[in-house]
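So that you can see what the record holds, here are the features copied from Swiss-Prot:
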BINDING   24, 26, 28, 30, 35  Ca(2+) 1 binding site
BINDING   111, 113, 122  Ca(2+) 2 binding site
BINDING   155, 157, 159, 161, 166  Ca(2+) 3 binding site
BINDING   199, 201, 203, 205, 210  Ca(2+) 4 binding site
DOMAIN    11-46  domain 'EF-hand 1'
DOMAIN    53-88  domain 'EF-hand 2'
DOMAIN    98-133  domain 'EF-hand 3'
DOMAIN    142-177  domain 'EF-hand 4'
DOMAIN    186-221  domain 'EF-hand 5'
MOD_RES   2  N-acetylalanine
REGION    2-7  region 'Interaction with RANBP9'
C-alpha cells in the first residue's frame with residue numbers, strides 16, 4: 001500500500017497518514033535510524049518502478065539523509081517531501097508554526113482553561129484558523145477529515161485530545177525545543193517541590209527572573225540535554241505560555257512534569 005502511495009503524483013491526507021504509519025514502526029512520532037533509511041529506500045524504488053523521477057524536494061531529502069545514521073525527521077518534514085494535497089500541506093506551513101514561540105502563543109489561545117490539552121472541537125477551530133490565515137477555506141466534511149487525521153497522527157496515547165507535547169509535532173524537529181526537555185521531566189512530587197522552591201515570593205506563579213534561575217540550574221544538572229547558551233530561547237518559548245508574565249504551575253508542568261507520581 002505504501003509503495004502505490006509513494007508512486008502517486010498527488011498524495012491525499014489519508015494516504016499520507018497510511019504512509020506515516022507504515023514507516024513509523026515504533027510509534028515514536030519520528031522517523032530515525034532504520035525507519036528513515038527504509039523510507040528513503042522504498043521511496044527511490046517506488047518512483048523508479050513507476051518510471052518517475054524524484055522531485056527536487058525528494059532529491060534534496062535523499063541527499064541530506066541518505067548517508068546519515070543520526071538523521072531524524074517528523075511529520076512536518078515528510079509532508080514537505082511528498083506531493084501532499086495543498087490544503088493539508090498548508091497546515092504544516094503556517095506562520096504560527098514556524099517558531100516555537102509562535103506555536104506556544106497559538107496553543108495558549110486554544111487551551112483557554114489551562115487544562116493542558118486541546119479537545120476535538122478546539123482542534124477543529126485551530127485547523128480552520130490556520131487555513132483561513134493562509135486564505136484557504138475547506139468545507140465541514142474536509143475539515144472534519146483533517147481533524148480526525150491530526151488526532152490519529154499526533155494523539156499518541158489515544159485519549160481523543162492533544163497534549164502540548166503531542167501538538168508540538170506540528171513543528172519542524174529543529175524548532176521543537178520541547179524535545180530537549182523530554183529526558184529531564186520530573187515526577188509530580190519532584191516538580192511541585194521545584195516549583196515551590198523557585199516561586200520565591202510564594203505568590204503561586206513564577207515570573208521571568210524566577211524561571212531564569214530555574215533554567216540555569218536545570219542546564220547545570222543536565223548538560224547533555226540542555227545548552228546553557230540557549231537559556232534565552234528556552235525562557236522566551238516557555239514564557240509564551242504565561243498569562244501576562246505569570247507562569248502558573250499548570251503551565252510550567254506542561255514542559256517539566258512527566259506525571260503525577
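Cβ coordinates come from backbone N, Cα and C, glycine included.
Sorted by the number of other CB atoms within 10 A, the binding-site residues 24, 35, 201 start with 201, the lowest. Between the domain 'EF-hand 2' (53-88) and the domain 'EF-hand 5' (186-221) there are fewer than 3 Cβ pairs closer than 8 Å, counting only pairs 6 or more residues apart in sequence, which means the two stretches are not in contact. Summary of the Ca(2+) 4 site environment: with the site residues 199, 201, 203, 205, 210 set aside, the chain residues having Cβ atoms within 8 Å of the Cβ mean position are 198, 200, 202, 204, 206, 207. On a Cα basis, residue 201 (Ca(2+) 4 binding site) lies 40 Å away from residue 28 (Ca(2+) 1 binding site). As a summary of secondary structure, the region 'Interaction with RANBP9' (2-7) carries 5 helix, 0 strand, 1 coil according to DSSP. Most buried of the binding-site residues 111, 113, 122, 159, 199, judged by other Cβ atoms within 10 Å, is 111. Secondary structure of the domain 'EF-hand 3' (98-133) per DSSP (helix as H, G, I; strand as E, B; remaining residues coil): 25 helix, 3 strand, 8 coil. Sequence-distant neighbours of residue 161 (Ca(2+) 3 binding site) (same chain, 6+ residues apart, CB-CB distance under 8 A): 117, 118, 119, 120, 123, 155.
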